[in-house]
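Take a look at the structure below.
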There are 2 protein chains.
Amino acid sequence: MAKIIQHWVKRHSFNLNTLYPKVALMVAAEFWEQGDLERTVLDQQPIVSLWRSVLLLERSHCDKSSNPRFSDFVDKQTGYTTKNILAAPLMNGKDPLGVVMAINKVGGNEFSKADEDLFTKYITFATVIALQHYTSYMYNVESRRSQVLQWTASKVFEELTDIERQFHKALYTVRTYLLCERYSVGLLDMTKEKEFYDEWPVKLGDVEPYKGPKTPDGREINFYKIIDYLLESKEEIKVIPTPPVDHWALVSGLPTYVAENGFICNMMNVAADDYFTFQKEAVDESGFVIKNVLSLPIVNKKEEIVGVATFFNRKDGKPFDEQDEQITEALTQFLGWSVLNCDTYDKLNRTEWRREIAAEMVIYQTKATPAEVQQILVRHHTSSCFKETADCDQREMYKLLRANIPEAKDVDLLLFSFSDLPVSELDLIKCGIRCFFELGVVEKFKVPAEVLTKWMYTVRKGYRDITYHNWRHGFNVGQTMFCLLQTGRLRKYYSDLDAFAMVAAAFCHDIDHRGTNNLYQTKSTSPLAKLHGSSILERHHLDYSKTLMAEESVNIFQSLQKRQFETVQHLHDVCIIATDLALYFKKRTMFQKIVDATEPMADEKEAIAYVSNNPIRKEIIMAMMMTGCDLSAITKPWEVQSKVALMVAAEFWEQGDLERTVLDQQPIPMMDRNKSDELPKMQCGFIDFVCSFVYKEFSRFHKEITPMFDGLNNNRVHWKELADIYQAKVDAIENERKRLEEEQAKKATGEDGGEGGKSKTCTIF
Amino acid sequence: MAKIIQHWVKRHSFNLNTLYPKVALMVAAEFWEQGDLERTVLDQQPIVSLWRSVLLLERSHCDKSSNPRFSDFVDKQTGYTTKNILAAPLMNGKDPLGVVMAINKVGGNEFSKADEDLFTKYITFATVIALQHYTSYMYNVESRRSQVLQWTASKVFEELTDIERQFHKALYTVRTYLLCERYSVGLLDMTKEKEFYDEWPVKLGDVEPYKGPKTPDGREINFYKIIDYLLESKEEIKVIPTPPVDHWALVSGLPTYVAENGFICNMMNVAADDYFTFQKEAVDESGFVIKNVLSLPIVNKKEEIVGVATFFNRKDGKPFDEQDEQITEALTQFLGWSVLNCDTYDKLNRTEWRREIAAEMVIYQTKATPAEVQQILVRHHTSSCFKETADCDQREMYKLLRANIPEAKDVDLLLFSFSDLPVSELDLIKCGIRCFFELGVVEKFKVPAEVLTKWMYTVRKGYRDITYHNWRHGFNVGQTMFCLLQTGRLRKYYSDLDAFAMVAAAFCHDIDHRGTNNLYQTKSTSPLAKLHGSSILERHHLDYSKTLMAEESVNIFQSLQKRQFETVQHLHDVCIIATDLALYFKKRTMFQKIVDATEPMADEKEAIAYVSNNPIRKEIIMAMMMTGCDLSAITKPWEVQSKVALMVAAEFWEQGDLERTVLDQQPIPMMDRNKSDELPKMQCGFIDFVCSFVYKEFSRFHKEITPMFDGLNNNRVHWKELADIYQAKVDAIENERKRLEEEQAKKATGEDGGEGGKSKTCTIF
């Protein structure tokens, strides 16, 4: 026997790739050179429960005639006569790996004590061999499982698209680890409810209601697609859309059964199965015949069965075992979970489409209508200019447009003291157009007259009709930018394209403002605040202005080259984000340094070179110009400023009201209408801590801008006066209160005094 | 020796959980009872390359003195004198598992041939043991790896939120498989670019540019959060937001190094490392001291390093080995891939917020403004009605509104022959409001006058100013629904709430129509077509009408109870989807059956019961009413129909033009303006195949509706006449063409004849 054991050692122990799970039994079979012993030993227990049932056996030697557990099944099958058996289990701790048996003692009627001792000795070694085979098999199983999971994961996260593509990729990638001849995945229709009109005939009783199988969550079972992977001989993948019910992969009813119950079904012997009838002959021209089948549901995280994966014919011809079930279960479980990716992707797409639909509606609703454009640009087809070239046509159109809009000088467009108050909103649109003509950018950058008109009108419509941050404010900022460039002579640092972009950005800088500030967006967790981490509203205004650039019919930058267009976009970023006052303090010092550096320069050219050769300095000045524009109301003549300041305050108070009612919070004094008396004082503070620097530095930078600083200082005087008057009133009331108190006190003292010196209260102290 | 081998068998072979990877060497060490033999045998190769290097050894017996490979390292360490060695490798196929050595022959100067033979015999068994240990260890590794993957997957797909939560959950779930004392994950800031204003100081040279380490994709390395899992003694998880750079987990520089290079770093002996200096003393109050460290980058599918996972101190005190690297690599790889989930979720959220922003803008831009409402509803505060109760106020408001809108009878609102053509769009809004008063639903369902006015005006504004499917069409469908209910006496089957919803739905049924049909949406792959699989535009109109219901200030159904509101919503579904003509044929027979069934009923009550007790019949009739309304233009007096039909046609032709220009496709004849002459013929076809049934059946159902059928038939006569005239023209031209051809042919024959009978061509035949 020793020789034979050594033989096994050589034969089996080095081969890690042997896949036979019941190796110990094979070893036993080889040892005693008898065929199918399993059933004999195991009282004809079926194969599947073999591992468990051997546990019941004790190491024993048995005499066939006297042992009630003996079965003559194999003897009958083989014609061999079993007389006596010496048997012992191979154990892995408490788990049995197999049974070793010696049958029919040679030269004796029964196995002796000596036989038993010898047998026992070798059992120790046989156990090592069996265990090595078993461990090696289990290692292979686990290694395949982790490979399957890793590859599936790799594919599942490669691309988020539809469930079909995801399953397909993953299942194809792991094919070598599945060790079966063929497998398929059937995808289930996920529709839960029918359209109401399709339900009518059923509800009216005209059509029989569906009585077929349903998934546990109530869907009618309908495989809308089968992907069939044939791994035998030449590999082949077939996709069968809307497979017929008698398709070989469905006709047995097993996939439907799995989809209905969510069970894992392991059909070990298809031919012998009487519950499901599989196709007995070859299923297709490949000659493939179904021998055994393992079918599993693919269940998503919502516990819905989304498909059924079926594996056919284990590669080694044996039925699928528990380990195969484990590997395929890991795979299908993972696939099921990964449906979340597809679902999310689908949700993302649907949300994106809804966003696109809404975005188009916004553009449609806010874009100036032809009738509105006509209010400004009445097209006359002059006989002198045939539509031969667009250029010729445009020249005529420019002429017409210029004729329809006021001259800059007639409406003080070039003055820092310009006031919008006497001008109608429509005329402000016309004035906006005039700015671009004055800049000389319309012809230079080939902005079609109609597009310019439509853009300007659309910008106006983009502003909401709110108390302060409305079109009038938007216009004022654009006009001030225009003024700073032209009258303030800041233009010399900038190209025509820069100037074009800066004025356009200034007009757009508060478009679609809602009358509440960034902090309110955050506190009310508006979608704007969720979308943008900082400079919330500014980023929205910027987005809006870029949306207009993306809409050809209102894109004033449509004739620019790609690089020019990118410059314009960047300048919009700089200009519009710069209007976030929270960023004002970041740029103060940098701006001041530029002013400091240029102030001593005697030669203007030197200053121009210093600024315009450095894109960063240009941007910093530009950003500060935007602040100068945004706050310019505070530099206007007192009769204007006093009115506008009230509008700003009114909008703040409205926000304060919202904070009280909607957010249930106490507004800050600036937004509290109960503290409106303190407005003059707050204006003084605002001038001193924010505005003063801006206009002082700009006046130092360019003396042409001094009118703004003068205006500011003049308003400072007025606000101070009002603040003082209010303060005087407060003081007077306070004094009066004190006087009355004192009087009261005196009176009381007098009365008390009358009654006898100190009060009782005092004596208690 | 046999005894000792048996001892191993018992000691090792059953213990699958032994984790020592170099088991064969341990066996060897135990066998010869000598300490650190590894280095002696292996020419002092370092531990990591041990497995590979033994491959170089041949089975040999060596004499210390004569063998140049002998190293006296261990002898020097132990004081033992090695004289001679008999050694052999334990092999797993071609892979060495270890080395067995016998040292110093007892009773001889060297090992004999007999010693070698005995040694060789036992090597076979030793190999089995070693292999079993090795396989068992590898099984454990693979099994842990697949567990780690499965659990990670389970968590990663549980919830799509942020990367922190995802990593946290996954890492916590797999903690038992990692077999280390502590681990941490550091999350990296993903910001690639700074804001332009933060770059200014750097670009100006005022601030030093960042010179610290960067990730391979160029990000500054900044761990914004560390999650620290302590598994020793009592489990503990710490989250350290914005950890200081001298935090013990970062201070060595290893995580930064990993983030910078993307390497997996296995520091086997932290104390001896001179590149990274780890904290030598206990890192915190737990007393934890770092011994060995395994650190891996977490890389997403875009190849960006999103974080670094670091594992400290393998549980058994040994350094982390190749298998630990494999397991943790599988884990970190998986975590990296799963970032896609978070990214997608983030994208989904951002898209959703953008959608919400756009949706709010749509509502803002289309909602009737206070000024517009004032055009219809001028509020007078009558002295007789103080604002004591809302009811009292509303009664006054109703009075006012009724006074401001035309009476139904004055504008033929109750006639099927009503024409909108002489009525202004504003007056149509007023007429719409009148319908609801006539139905008696305004007071009953407590619709505030202002809300009703605002809703009606907003519906009007929701319609685009296109050729046919504009507000006039929307109004006509609503008016016809009103007429069918009142004049057509279909109201008797419906509740007041039904009637209210039906008329409202009819007014909204084509809101925001774009002048192109469903097929065009599909062919142009518009977002609408992507969103809705069928009844594309109808679903959009429905969505729109429901958006209005969600906006309190225009929600005419605001006073309803929840159940009533749900009914209204459902009736909107039925009514608006029903206007998809593609569904018309589905309901034809069902409607006819109802008409057939009620026709013989003598008692009106019986018919009412037959319909109104069955919600499906009510819905079918309702759906057919919508079709009747939608097509009602074809029943109008000829002077109206002839004009409207041209508008319908004009819109079709515009779509045809788009198909030609945008889609580069040939439109169908109905949409081809080159085939406009065939309009009368097509109208006859449309009447015969679609419209006739509707109005014939409705007339049969309710004789009060006969005027519609009469109108239709009258128009049929007109269209037929025009078609005939056109046909006569076509025929005349055709006849003329034929005549000319024949003449030509005759002429030719005459000429040919003149030249001599048959033509040459004929003779060739």
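Each residue, glycine too, has its Cβ placed from N, Cα and C.
Note that TrEMBL annotation is computational and uncurated.
What TrEMBL records for B:393-726 is domain 'PDEase'. Summarising the annotation, TrEMBL assigns AMP binding site to B:His469, B:Asn470, B:Trp471, B:Arg472, B:His473, B:Asp510, B:Asp630, B:Gln683. Annotation source TrEMBL lists active site, proton donor at B:His469. TrEMBL lists B:His473, B:His509, B:Asp510, B:Asp630 with the feature Zn(2+) 1 binding site. Feature annotation from TrEMBL assigns Zn(2+) 2 binding site to B:Asp510. Annotation source TrEMBL lists region 'Disordered' at B:742-765. For B:742-758, the entry in TrEMBL reads compositional bias 'Basic and acidic residues'.
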Of B:His469, B:Arg472, B:His473, B:His509 (the binding-site residues), the residue whose Cβ has the fewest other Cβ atoms within 10 Å: B:Arg472
Rounded inter-Cα distance in Å - B:His469 (AMP binding site), B:His509 (Zn(2+) 1 binding site): 10
Near-site residues: Zn(2+) 1, ref B:His473, B:His509, B:Asp510, B:Asp630, CB cutoff 8 A to centroid: B:His469, B:Gly474, B:Asn476, B:Val477, B:Ala506, B:His513, B:His541, B:Thr579, B:Cys629
Between B:His473 (AMP binding site) and B:His509 (Zn(2+) 1 binding site), the C-alpha gap once rounded to whole angstrom: 10
Sparsest Cβ surroundings (other CB atoms within 10 Å) among the binding-site residues B:Asp510, B:Asp630: B:Asp630
DSSP-derived structure type at B:Asp510 (AMP binding site), helix or strand or else coil: coil
Listed in sequence order, residues with CB under 8 A of B:Gln683 (AMP binding site) and six or more positions away: B:Ile634, B:Ala645, B:Asn715, B:Trp719, B:Ala723
Candidates B:Asn470, B:Trp471: member of the binding-site residues with the richest Cβ shell (10 Å): B:Trp471
Between B:His509 (Zn(2+) 1 binding site) and B:Arg472 (AMP binding site): CA-CA distance (Å): 12
B:His469 (AMP binding site): secondary structure state under DSSP, collapsed to three categories: coil
Rounded distance in angstrom between the Cα atoms of B:Asn470 (AMP binding site) and B:His509 (Zn(2+) 1 binding site): 11
Alpha-carbon distance [B:His509 (Zn(2+) 1 binding site); B:Trp471 (AMP binding site)] in Å: 10
B:His509 (Zn(2+) 1 binding site) to B:Asp630 (AMP binding site) - Cα separation in whole Å: 9
